[in-house]
Amino acid sequence: MDATANPKAGQLTIVGSGIASINHMTLQAVACIETADVVCYVVADGATEAFIRKKNENCIDLYPLYSETKERTDTYIQMAEFMLNHVRAGKNVVGVFYGHPGVFVCPTHRAIYIARNEGYRAVMLPGLSAEDCLYADLGIDPSTVGCITYEATDMLVYNRPLNSSSHLVLYQVGIVGKADFKFAYDPKENHHFGKLIDRLELEYGPDHTVVHYIAPIFPTEEPVMERFTIGQLKLKENSDKIATISTFYLPPKAPSAKVSLNREFLRSLNIADSRDPMTPFPWNPTAAPYGEREKKVILELESHVPPPGYRPLKKNSGLAQALEKLSLDTRALAAWKTDRKAYADSVSGLTDDERDALASGKHAQLSGALKEGGVPMNHAQLTFFFIISNL
């Protein structure tokens, strides 16, 4: 059922609180929390919990639904149903879950699926995950050679394929094979950890690097970024360092015989096919940051002028202010969705092309009206050139 077609009175919005306490909350998430009838949350720290309660007094902590006497999957069913019951009562419900609310989170997907099928409006807004933090702290770009992400137990149970020519990120390496819940896990209880290491050794060998990563939560903390070889993780003194919130990152093997250029395809794109496959700089000691090509283009900066196709942002744009309001005020956004033209007509300080763009809501018109010249812009070109630049 289309959740946007004549939805019932209740609605569900799922947002993420991110990993870092308070700092990762998006402006959009905060706006949703402030205007909700009921806020249900499962967050990882007390400071974020206090921040949420400060923004809305009608808050319910779903964490007490966990129990050491039942499986986590049972708790997830209950969490989803708890939120759905408030939606069915006609309330505007916001669910806040730590990290990205759709990454390794079960109750959020379940609640949204059921709500939509029952005719309620239900949406999920993105948040920062542990993997996003990992990319930033370790300097990893997943687009360079691709990235595979697995939950550790799932990878072992289903014998998921590994590709040593790409990045590998493994979640929940500290609770391999655990389906139960405990408020405090002991690293010594990670009895199946050795099976994970055996699988990695089979693919990568004992000397390949593994980065043990934990993203910081409080502003007083620093990220954990410990480097081991796969063989070293067989030692108890190292395996005991792995916590429930630990993530593993394995860099690709370089060079890899599994990677080869599709030169015929490159020629069809009029791209030179003489370059070797690119490997991430931190893991390729032969990659020179200031080679001949880099030096040449850096020198060209001195004489660079903006190209004819570049269009600067309009000064004192009324449309920019209107879009800021729609981004931060959920009630204003609801009014725009109810009657786009009427809302656009009610906004003062807009030019004709800005008003038309606001009423249309289309990306090309909005982007064009925000820039000098007012010509619609197509963002697809930017995506294409970004992809090609990574070859």
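Every residue, even glycine, has its Cβ placed from backbone N, Cα and C.
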* Asked: ALA80, ALA115, ALA215: which one does Swiss-Prot list with TYR98, HIS100, VAL103, ALA130, GLN172, SER246, THR247 for the S-adenosyl-L-methionine site?
  -> ALA215
* Asked: Which of the listed positions, LEU138, LEU170, LEU382, does Swiss-Prot note as N-methylleucine?
  -> LEU382
* **Per Swiss-Prot, the candidate from PHE82, PHE181, PHE386 carrying the annotation N-methylphenylalanine** => PHE386
* Hey, which of the recorded positions ARG72, HIS100 is the loneliest by Cβ count within 10 Å? -> ARG72
* Asked: Do you know the DSSP helix, strand and coil residue counts for the region 'Clasp domain' (254-373)?
  -> 65 helix, 2 strand, 53 coil
* To do: May I ask which residues of the same chain, at least 6 positions away in sequence, place their Cβ under 8 angstroms from the Cβ of TYR76 (active site)?
  => CYS106, PRO107, ARG110
* Asked: Hey, does DSSP put ARG72 (active site) in a helix, a strand, or just coil?
  -> helix
* Structure fact -> The rounded CA-CA distance in Å from THR247 (S-adenosyl-L-methionine binding site) to TYR98 (active site) is 16
* Since the record lists VAL103, ALA215 as binding-site residues, which of them has the fewest other Cβ atoms within 10 Å of its Cβ? -> VAL103
